[in-house]
């Protein structure tokens with residue numbers, strides 16, 4: 001897994017991997033919801049749910065998961081890295097707690113559509129935001145990235 005991640009990140013770049021793997025994860029999640037909703041009608045769809053869930057975990061673990069933890073430190077000057085990482089980790093923890101306590105009550109009301117509401121819709125919104133605002137960090141110095149984020153230069 002680590003070798004795969006290293007090889008793809010060094011070739012494709014962090015922005016490309018983050019966006020493409022997030023899109024794939026979103027598609028897998030939507031397909032999971034479809035299979036889960038249709039599994040009472042077609043018994044074989046329960047196996048589709050299993051395959052989609054394992055695929056989701058693989059794609060997340062090989063792209064979105066690792067990159068999302070270190071890309072924030074590549075977007076800010078050195079003196080702000082620790083506070084940026086701390087803030088990102090804190091916000092992530094708060095969101096995880098909120099989602100953890102929200103998923104079961106919402107699932108009992110709307111079923112598997114709860115995954116779309118709590119995960120897929122926010123993820124789709126994030127994809128658009130990242131597409132327009134996230135610069136590629138591969139092979140670039142921090143000062144170049146910060147200058148681009150401030151609107152002083154165009155991406156390479």
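Backbone N, Cα and C define each Cβ position, glycine as well.
Note: TrEMBL annotation is automatic and uncurated.
Here is what TrEMBL says about this protein:
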type	residues	note
DOMAIN	1-138	domain 'Major facilitator superfamily (MFS) profile'
TRANSMEM	12-34	transmembrane segment
TRANSMEM	54-76	transmembrane segment
TRANSMEM	88-107	transmembrane segment
TRANSMEM	113-134	transmembrane segment
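Counting Cβ pairs under 8 Å that are 6 or more residues apart, the transmembrane segment (12-34) and the transmembrane segment (88-107) reach fewer than 3 and are not in contact. Tertiary proximity for the transmembrane segment (88-107) is limited to same-chain residues at least six positions away from its ends with a CB under 8 Å from its CB atoms, namely 69, 72, 114-115, 117-119.
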